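Record features, source TrEMBL:
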- 34-51: transmembrane segment (TRANSMEM)
- 57-76: transmembrane segment (TRANSMEM)
Amino acid sequence: MDKDTYLTERVDEQIAWFDNASMKNQRAFNRCRVIEMVSAAAIPFITGMWGDTTIGKVIVGGLGVLIGICAGLISLKKYQENWVSYRAQCEALKHEKYVFLSRCDDCKEEEAFCQFVKKVEGILSQENTQWQARNRNTGKEKR
């Protein structure tokens, strides 16, 4: 595989994947946390206002269920851990790409490309291992 093909078909695609996956996990984590916080803050208010009514009890119970679902999703899907890890991998790949393209190393071009490929593949292999460890007992995420 030549340099240009490797950069576009491997590195750029992986950077895009990690960037997108990081943003999706960040949005999901933040969404769940906001729902948890708003629901938790609303429970004392609703209890104080309508705690003795049937509708108040139903709303408070529903908010409690919603908090539990959000907490379970955050734990099961590992949104925060994935977001941080994917962002770190994305930035590491960008760094290696920019160092390679700027020709900062004093290596010959062919040697520099070989070192670049080894570093990129090492980053990707490391992320795969870390992802497996994070998701060992929580189901599988399609990648």
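One is the number of the first residue shown, and numbering goes on along the chain from there.
Placement of Cβ uses the backbone N, Cα and C atoms for every residue, glycine included.
Where the annotation comes from TrEMBL, it is an automatic prediction and has not been curated.
Tertiary neighbourhood of the transmembrane segment (34-51): same-chain residues 57, 59-60, 63-64, 66-67, 70-71, selected by CB-CB distance under 8 Å and a gap of 6+ residues from either end. For the transmembrane segment (57-76), same-chain residues at least 6 beyond its ends with a Cβ under 8 Å from one of its own Cβ atoms are 28-29, 32-33, 35-36, 39-40, 42-43, 46-47, 50-51, 138-139.
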